[in-house]
There are 2 protein chains.
Amino acid sequence: MRTIVIHATVLTVNQTNQVIYDGAIAFENGVLTHVGQMPDKLDTYDEVIDAKGRIVMPGLVNTHGHTAMSLLRGYADDLPLQEWLETKMWPLEAQFTEDHVRWGTSLSIIEMLKTGTTTFVDMYDHMDMVAELVTASGMRARLCRGVIGLCSAEEQTKKLEEASAFAAKWNETANGRIMTMMSPHGAYTCPPDYVERIVARAHELDLPVHIHMSETEWEVQQNVADYGARPVAHLEKLGVFNRPTLVAHAVHLTDEELDILARYDVKVSHNPISNLKLGSGIARVPDMMERGICVSLGTDSSASNNNLDLFEEMRMVALLHKGHRQNPVLVPASEALRMATIYGAEAIFMDEQIGSLEVGKQADFIMLNSHDVYFQPANDPISHVVYSASGRDVTDVYVQGVQLVKDGKCLTMEEETVIENANRMFELLEKK
Amino acid sequence: MRTIVIHATVLTVNQTNQVIYDGAIAFENGVLTHVGQMPDKLDTYDEVIDAKGRIVMPGLVNTHGHTAMSLLRGYADDLPLQEWLETKMWPLEAQFTEDHVRWGTSLSIIEMLKTGTTTFVDMYDHMDMVAELVTASGMRARLCRGVIGLCSAEEQTKKLEEASAFAAKWNETANGRIMTMMSPHGAYTCPPDYVERIVARAHELDLPVHIHMSETEWEVQQNVADYGARPVAHLEKLGVFNRPTLVAHAVHLTDEELDILARYDVKVSHNPISNLKLGSGIARVPDMMERGICVSLGTDSSASNNNLDLFEEMRMVALLHKGHRQNPVLVPASEALRMATIYGAEAIFMDEQIGSLEVGKQADFIMLNSHDVYFQPANDPISHVVYSASGRDVTDVYVQGVQLVKDGKCLTMEEETVIENANRMFELLEKK
């Protein structure tokens with residue numbers, strides 16, 4: 001089956017961020033075979049899709065989240081962080097069963113797909129269920145069982161084995177759409193020797209490490225009090241960065257810490273909206289960019305966002321740092337777009353397969369209705385995508401050449417069933 | 001004609017921010033006659049609208065903008081402010097004719113209506129055209145001819161007469177949907193005596209004053225250099241605040257300046273996205289709230305935003321200050337909602353007519369599709385509207401009881417014609 005999409009405004013996000021007007025992309029067996037001008041002949045294609053009035057661009061990559069937590073969207077906002085965690089989130093999450101994860105993650109998958117995200121990172125529990133849903137939905141994901149080590153040695157071992165078994169079992173499954181990682185939840189939730197054991201396992205399995213780091217000032221000071229070092233030096237000493245590593249948040253960093261991250265080529269998942277909503281602070285993204293650190297974008301969970309529309313993170317990263325530093329040339333639209341696509345792919349060590357529209361890469365792409373007023377006058381499409389678009393403008397989504405969203409409807413998930421069950425599971429939680 | 005909307009989740013934005021589940025609102029002759037539970041009998045109504053699965057809330061109020069500038073959306077981003085103004089915006093705006101305003105403002109009106117804004121402030125030139133478009137579109141607006149006084153005394157007088165004539169002619173027209181103001185553009189663009197003349201005219205016409213103030217640190221320092229005072233003291237001395245006044249931006253303020261604004265009950269139009277994008281800075285909104293200053297929301301123009309979706313400003317104000325101050329309890333969702341509605345109405349001195357859904361007020365309201373995944377689980381609807389919704393979720397818009405948007409389509413403007421002409425007028429501009 002050879003398919004071609006024609007008459008599109010193509011944002012390639014290749015090396016030069018090339019935009020092709022009235023362009024075409026073609027694919028076969030899930031792989032892009034043409035990205036460029038309209039070919040002279042279309043009769044060699046089995047399917048021809050007219051994308052006039054649409055933008056075609058790479059599917060977005062969401063590099064940090066906890067998808068099951070969509071069940072708690074809007075449940076508790078505007079509270080001090082520790083109160084929010086201790087009295088609201090943790091008591092409810094403690095009640096989560098595999099069924100909660102089933103419906104919370106399903107809700108998230110539908111939302112992500114409909115708003116143009118084709119690949120996501122998930123760090124949570126009951127990950128077999130998540131992997132099964134990814135498989136069924138047709139989406140792409142890099143998954144890890146997030147391990148909290150504040151428990152007995154026995155329990156620690158059990159969790160580590162569970163995380164390893166999951167990672168080994170599911171890596172490179174679902175036709176390569178699922179990849180895995182090993183994930184110590186954070187330096188403040190995993191004792192040093194436990195972090196080392198998890199990292200050793202990541203070495204054995206040859207997998208990257210994903211970890212929360214330096215999200216709040218409190219966390220940094222706690223690390224100094226507990227271990228006599230700020231989180232970056234602490235994790236460096238534990239050997240974490242000797243593995244390919246993706247850190248989430250990275251808000252509170254010194255110059256020296258930024259230099260260490262750059263030296264080890266540690267990837268960052270910048271979660272601007274979650275960091276704002278929880279009052280965590282504003283990450284030093286312009287300084288990361290200056291050092292060549294790979295900055296990607298994550299939503300974190302719907303409980304601290306409260307949605308999974310990565311277009312909003314893309315706009316936020318382009319706006320926030322300009323205003324915070326009072327410098328309007330920081331984080332231009334072209335870089336924000338790359339953070340949501342190719343840098344996202346790089347952050348999860350998959351940039352050879354996804355993140356841009358180039359021949360030989362996977363056919364993971366989305367289409368936006370760019371005829372609406374938000375995109376007029378039809379000026380610079382990259383500017384419009386970053387500063388004016390919404391995930392709601394996404395009409396069609398393909399992963400590996402398979403259509404998952406058509407005219408704004410998710411083809412692979414039962415939307416009504418998911419909404420009904422997500423509400424049912426939320427109701428079942430004992431709230432105080 | 002008596003109309004009732006039933007089975008809605010009604011966000012009243014009344015004194016207590018009351019939410020009515022499975023509620024109803026009714027109106028007759030453009031005025032709300034019922035806001036509350038479903039009545040027992042529906043047979044006294046001529047029209048019954050079923051709003052099951054929808055949120056009904058007051059239309060949003062956008063308190064600062066320059067609608068014609070939508071023609072320049074995406075034309076020039078990510079530049080230093082002065083370069084952006086001097087080499088991009090001003091040369092193109094200098095070429096603007098009434099026809100540019102016709103199509104730029106039409107584009108903006110469609111965008112605002114479709115994203116749930118029912119009332120807007122416009123400060124620009126060729127305002128007769130804007131008023132005619134407001135009349136034809138069915139929208140509500142508070143309009144002013146923005147006057148820049150960097151010109152000859154003759155020219156100053158001509159502009160002042162033009163602004164006064166416009167304000168006098170159009171105030172309380174279009175069945176009360178158009179109100180006007182007098183507008184010296186700013187302290188840095190109007191010499192002191194000219195500001196005084198404009199304010200004197202506002203006294204004569206009994207109209208409020210709208211002015212840009214303290215948007216950038218540069219502007220503040222310029223004011224100190226030119227007049228030996230920061231903008232607030234300067235404008236106070238010129239008697240501006242003796243009129244009801246709405247200031248736009250108000251980013252760079254000292255404690256003392258905040259106290260002065262509070263004392264005179266000066267209203268603020270907070271434009272968080274424009275202030276970020278242009279690198280102007282982050283306004284001291286929590287300190288304004290603490291002093292009881294009325295903070296409303298504005299988009300500014302599409303050239304510095306780049307859209308007019310006020311849901312994004314509402315979310316931004318709820319997120320930005322939490323992160324900037326590292327305090328997650330600042331600007332709760334309930335207050336962000338009020339800023340976009342009732343405080344907006346108050347900021348333009350129309351809170352007795354609009355801004356909340358209460359019996360006796362104008363029937364200016366919008367409906368959102370709240371069944372979609374972004375609103376699930378169906379928890380706190382105020383949280384969902386602020387933190388998860390998009391203007392794209394708006395399905396229906398009414399002003400004075402007249403439907404202007406139906407199922408996402410604007411009923412009173414020719415969308416295709418406007419898009420075509422907006423592009424044509426943009427192409428006609430001589431760009432360098």
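Using the three backbone atoms N, Cα and C, a Cβ is placed for every residue, glycine included.
TrEMBL annotations:
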type: DOMAIN; residues: B:55-402; note: domain 'Amidohydrolase-related'
type: BINDING; residues: B:H64, B:H66, B:H212, B:D300; note: Zn(2+) binding site
type: BINDING; residues: B:E93, B:R145, B:H185, B:E215, B:D300; note: substrate binding site
- prompt: Rounded to a whole number, how many Å is the Cα of B:E215 (substrate binding site) away from the Cα of B:D300 (Zn(2+) binding site)?
  reply: 12
- request: Compute the mean position of the Cβ atoms of B:H64, B:H66, B:H212, B:D300, which form the recorded Zn(2+) site, and then list in sequence order the other residues of that chain whose Cβ is within 8 Å of it.
  value: B:G65, B:M123, B:A248, B:H249, B:S269, B:N271, B:S274, B:G298, B:S301
- request: Indicate whether B:E215 (substrate binding site) is helix, strand or coil by DSSP.
  value: coil
- prompt: Taking each of the binding-site residues B:E93, B:E215 in turn and counting other Cβ atoms within 10 Å of its Cβ, which one has the fewest?
  reply: B:E93
Query: B:H185 (substrate binding site) to B:H212 (Zn(2+) binding site): how many Å between their Cα atoms?
result: 6
Message: Between B:H64, B:H66, B:R145, B:H185, B:H212, which of the binding-site residues has its C-beta surrounded by the fewest other C-beta atoms within 10 Å?
response: B:H185
Message: For the C-alpha pair, I'd like the distance in angstrom between B:D300 (Zn(2+) binding site) and B:E93 (substrate binding site), rounded off.
response: 15
- prompt: Of the binding-site residues listed here (B:H64, B:H66, B:H212), which is spatially closest to B:E93 (substrate binding site) when Cα positions are compared?
  reply: B:H66
Field: Spatially closest candidate among B:H64, B:H66, B:H212, the listed binding-site residues, to B:R145 (substrate binding site) (Cα to Cα)
entry: B:H66
- request: Compute the average pLDDT of the predicted model within the domain 'Amidohydrolase-related' (B:55-402).
  value: 97
- line: Taking all protein chains shown into account, the Cβ-based neighbour count within 10 Å for B:D300 (Zn(2+) binding site) is 27
